[in-house]
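Participant: Take this structure, written in C-alpha cells, and hold onto it; I'll ask about it next.
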Amino acid sequence: MLVTAYLSFVGLLASCLGLELSRCRAKPPGRACSNPSFLQFQLDFYQVYFLALAADWLQAPYLYKLYQHYHFLEGQIAILYVCGLASTVLFGLVASSLVDWLGRKKSCVLFSLTYSLCCLTKLSQDYFVLLVGRALGGLSTALLVSAFEAWYIHEHVERHDFPAEWIPATFARAAFWNHVLAVVAGVAAEVVASWMGLGPVAPFVVAIPLLALAGTLALRNWGENYDRQRAFSRTCAGGLRCLLSDRRVLLLGTIQALFESVIFIFVFLWTPVLDPHGAPLGIVFSSFMAASLLGSSLYRTATSKRYHLQPMHLLSLAVLIVVFSLFMLTFSTNPGQESPVESFIAFLLIELACGLYFPSMSFLRRKVIPETEQAGVLNWFRVPLHLLACLGLLVLHDSDRKTGTRNMFSICSAIMVMALLAVVGLFTVVRHDAELRVPSPTGEPYAPEL
C-alpha cells in the first residue's frame, strides 16, 4: 500500500502537468492584463485567501487519525463529524447575513480567529472540547465559503471599478491554485506528522500560524465593505419559490444533495478503510487532490474549442464514475476479503469525478438559478445534503465496523443510482436548451489571461 500510494501520487502529478502543458501549447496567445492596480489588488486578495485555504487543507489528512489516536470509538468519531456537518449547515444558513452585517473584512479576520481556536481544541483529549472545536470548524467553514468571495467581488466592482468580466478569471485561477495547495498541504501534513514523528496533531498546530498571518494581512491590506442586508426569511422564501417553480432547479438541487452527501460520507470513510493497511495518509490525501486536479484539467480540456463537450455531458460522466467506484468499494471492503489497493483506486476515481462534477455543477447553477435568488436556493440545497450525510454517518456503526463500512458503501451506491436517474431527468429537460451550453470560444469578451 505504501509503494502504491507514492507511485500513484507521482503518476497523477505527471498526468496533471502533461495535460496542463498540452493545454497551454494548444491555447492561442491571449492578452494578459497589464493593469498594475488590478494585479496588486489580485495579489492582496490571493495572499490572504491562499493562506486560509492552505490552513484548511492541512487539517484534512489527519483529522480522523487524530481522533483515533485519542482512542475514541468509531461511533464517537462519527458523532464528531456529524457535529461538524450540523454546525456547517446551521451557520451556512445565516453566514451571508452575518457577513453583510459584520463586514466582509471583519468576517475574514473572524474566520482566522475561530479556525485558530478550532485547531487549538485538537490539543485536548476531552470529548466535549473536541465537540466545541467541530462547532467552531463549522462556523469557520461557513465564513470561508461566504466572506472572502463577497469581499473580493464588492471591492472589484464597487471600490476599484474594474470590469466585471475580469472576476471569473480571478476565481478560475484561485480554483486551480486551490487544488495545488491541497496537494502540497497533504505532503506537508505527512512530513510533520509522520516523517518528523510529531504525530497526528502536528498539522493542526502548523495551521495556526498560517491563519494568524492571513488575519494579519487582511487587517493591514484590506478595506472594509458592507452590503444592504436582505431579510433571511425573504431570502429563503425567494429561494424556495425558485426551486419549486423551475424543474431544472429542482433536479439540480436533487443531484447536488445526493452527490455531495455521498462525498461527505467518503471523506469520513477513506481513513478507516486505508489506514489499517499502512497507507501514508498525507500522501494518499495528496493523491486524491491530484486526481481531483486532473479531473478539473480534463473538464477544461473537454469544454475547450478543440473538443467542445458540454457541462451536462461531463456531469453525467462524473455521476457514472462515482456509481462504478462505489460498486467497486462494496466488493473491495468485504470483511475478510479486503483489497486496499482496489479501494484506493476507487477513491481516486471518486476524486477524479469530483474534478469533473464541481465545475460542471457551478456552470449549470449559474445558468439556471437567477443571481438574486442564488443564496436562498443554495441554502435549500444544503439542508438535504447535510441531512443525508449526517444520517449516513449515524447509521454507519449500527453493526460490526467492517460490515457497517461495506453496508454504507452499498447504501451510497443506491443513493448515486438515484442521482443518476435525476441526471437523466435533467438531461431530458434541457437537451434542447442552448442557454446551458458552453458558448463558442470565438468572440469571447476580453478577460485577464490565466
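Using the three backbone atoms N, Cα and C, a Cβ is placed for every residue, glycine included.
As listed in TrEMBL for this protein:
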| type | residues | note |
| --- | --- | --- |
| SIGNAL | 1-18 | signal peptide |
| TRANSMEM | 46-67 | transmembrane segment |
| TRANSMEM | 79-99 | transmembrane segment |
| TRANSMEM | 127-153 | transmembrane segment |
| TRANSMEM | 174-195 | transmembrane segment |
| TRANSMEM | 201-219 | transmembrane segment |
| TRANSMEM | 249-270 | transmembrane segment |
| TRANSMEM | 282-302 | transmembrane segment |
| TRANSMEM | 314-332 | transmembrane segment |
| TRANSMEM | 344-364 | transmembrane segment |
| TRANSMEM | 376-396 | transmembrane segment |
| TRANSMEM | 408-430 | transmembrane segment |
Participant: Based on Cβ pairs under 8 Å, which of the stretches 127-153, 201-219, 249-270, 376-396 lies most in contact with the transmembrane segment (314-332)?
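Facilitator: Between the candidates 127-153, 201-219, 249-270, 376-396, the best contact partner of the transmembrane segment (314-332) is 249-270.
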Participant: Could you name the stretch, out of 249-270, 344-364, 376-396, with the greatest number of CB pairs under 8 A to the transmembrane segment (282-302)?
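Facilitator: By Cβ pairs under 8 Å, 344-364 leads among 249-270, 344-364, 376-396.
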Participant: Near the transmembrane segment (201-219), which residues from the same chain, at least 6 beyond its ends, have a CB less than 8 A from one of its CBs?
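Facilitator: Same-chain contacts beyond the ends: 44, 47-48, 51-52, 54-56, 58-59, 61-62, 66, 69, 105, 108-109, 111-113, 115-116, 119-120, 122-123, 188-189, 192-193.
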Participant: Would you mind listing the long-range same-chain contacts of the transmembrane segment (46-67), meaning Cβ under 8 Å and 6+ residues beyond its ends?
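Facilitator: Non-local partners: 76-77, 80, 108, 111-112, 115, 119, 122, 130, 141, 144, 148, 152, 174, 177-178, 181-182, 184-186, 188-190, 193, 200-204, 206-208, 210-211, 213-214, 217-218, 221-222, 267-268, 271-272, 275, 281-282, 284-285, 289.
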Participant: Please work out which recorded stretch in 79-99, 127-153, 174-195, 344-364, 376-396 has the most C-beta pairs separated by under 8 angstroms from the transmembrane segment (408-430)?
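Facilitator: Maximum Cβ contact count belongs to 376-396.
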Participant: State the non-local partners of the transmembrane segment (79-99) in its own chain: residues 6+ outside its ends, Cβ under 8 Å from one of its Cβ atoms.
Facilitator: 67, 72, 107, 130-131, 134-139, 141-143, 145-147, 150, 229-230, 232, 235, 264, 268, 375, 379, 382-383, 385-387, 389-390, 393-394
Participant: Can at least 3 Cβ pairs under 8 A be found between the transmembrane segment (249-270) and the transmembrane segment (376-396), with each pair 6 or more apart in sequence?
Facilitator: yes
Participant: Near the transmembrane segment (127-153), which same-chain residues lie under 8 Å Cβ to Cβ, leaving out any that are not at least 6 residues past its ends?
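Facilitator: Distant Cβ neighbours of the transmembrane segment (127-153) are 45, 48-49, 52-53, 56, 67, 70, 72, 76, 79-81, 83-92, 95-96, 99-100, 104-105, 107-108, 110-111, 114-115, 117-121, 167, 170-171, 222, 225, 227.
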